[in-house]
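Peer 1: Questions regarding the structure given below will be posed in turn.
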Amino acid sequence: MSVSKFLHLGTALSRHTRLPLSPLPLLFPKALQFHPRYCSSASSAAVAAAADSTESLCSPDPHPWPEWVTFVDRLKSKGYFTESSSPTDSDYKDMGFVRDACLSFARDRYDVFKSLSIEDIQKVVECGCPNLYRKAVNSGKRLRAYVRLDEGEVCSTCSLRGSCDRAYVILKETEADARTVDIVRILLFYALDSLVLSGGEKPPGRQTIESSARKLLSELIELSETSPDPALPKPAVKALKQKDDSLDFMDDVPSQDVEMKRGDWMCPKCNFMNFSRNKQCRECNEDGPKKVGMGDVEMKKGDWTCSQCNFLNFSRNIRCLKCKAEGPKRVSAAEVEMKKGDWNCEQCGFMNFASNRNCLRCRVARPKRQLNPGEWECPSCDFLNYRKNMVCLKCNCERPKEAAAASEYEEQLWKRPH
């Protein structure tokens, strides 16, 4: 009796009280969940979208700059990468993989450089160079010359100036022409910089540089779709000059491209041109012509012949240039006509011209000159000027104030009339 009452009470409660049904995943472990075999198309699309979003969150972007990814993809579509070297996610950050393609594109599209924003180029290069590589530094200097930035001011604020061997160097006019390859090289180094790839803390002003660099990449992407301008001439490639006509000294006729100087001689056996100092032919070792005798050489006044080796010396040589033997005694100063300002050395007795501040023989300083009243020495060239000269007759230097004051004082002195 009691058991039947309890069963009746439980049936009544189950009819009036409906417990919320918990979903199956809560009742069964994950490993025991049942998946329906068939589902609607709407639910399939929702599941696929959720899977794509999950996959996109799991796979990182190939590069922090979307403009760089688009630029590299554009180079791929243009054929700058071979099919076997198509870029993967890691290749967007590989300098060795993308460098050749970027520079090849820049050399092919030399015409787009003038269309790039000058303001953005200036912001990219006004704080210095991205690194110390020589080509990067030279490209930065060309771009700064293009936007008319002072190279000294930029180098003085650059953080790399202490280690840069090209700091404060101004390029020659023939080397200062900026091209597309220069700006692409700078953008390449900034895009693959470790600060950009790692996303670490950046120094002040770096955000402005990266913003302008990304704008220039966007402009290059747009300009890459345009056709090259045929009106613009292709920049000339600088190459080492090579002579078309090689000098062949074995010919029977002497070459007219070689300038022979006094004393040079042609070998009678092989027709090779030798310098005057060669006693034998450098090609076939044939003996050279006999030297001209001393009697056939015109000697000028003062020249002398060495008594030891018979070498001809100029008059200014104190010793023989060949054997270092002492030269002949000089003519005494009394026998030489001296002009105004000339002086004799007190130590060696050598006569020096007025323009010599030191003795040409013993290098002793010139004694103080004895000037006539009013005469003055030029402080620039040491020329002796008369009192009437207001400027130096040799270098047009103005007369010093001390000499002018002394001259005015002497003019005001009273002189006894004759």
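Cβ coordinates come from backbone N, Cα and C, glycine included.
All TrEMBL annotations are machine predictions without curation.
Positions annotated as domain 'RanBP2-type' by TrEMBL: 261-290, 300-329, 339-368, 372-401.
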Peer 1: Go ahead and report the DSSP secondary structure tallies for the domain 'RanBP2-type' (372-401): helix first, then strand, then coil.
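Peer 2: Split into helix, strand and coil, the domain 'RanBP2-type' (372-401) gives 1 helix, 6 strand, 23 coil.
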Peer 1: Please compute the mean pLDDT of the model over the domain 'RanBP2-type' (300-329).
Peer 2: 83
Peer 1: What is the three-state DSSP composition of the domain 'RanBP2-type' (339-368), stated as helix, strand and coil residue counts?
Peer 2: 0 helix, 6 strand, 24 coil
Peer 1: So, by DSSP, how many helix, strand and coil residues make up the domain 'RanBP2-type' (300-329)?
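Peer 2: Tallying H, G and I as helix, E and B as strand, the rest coil: 0 helix, 6 strand, 24 coil.
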Peer 1: Could you give me the DSSP helix, strand and coil counts for the domain 'RanBP2-type' (261-290)?
Peer 2: 0 helix, 6 strand, 24 coil
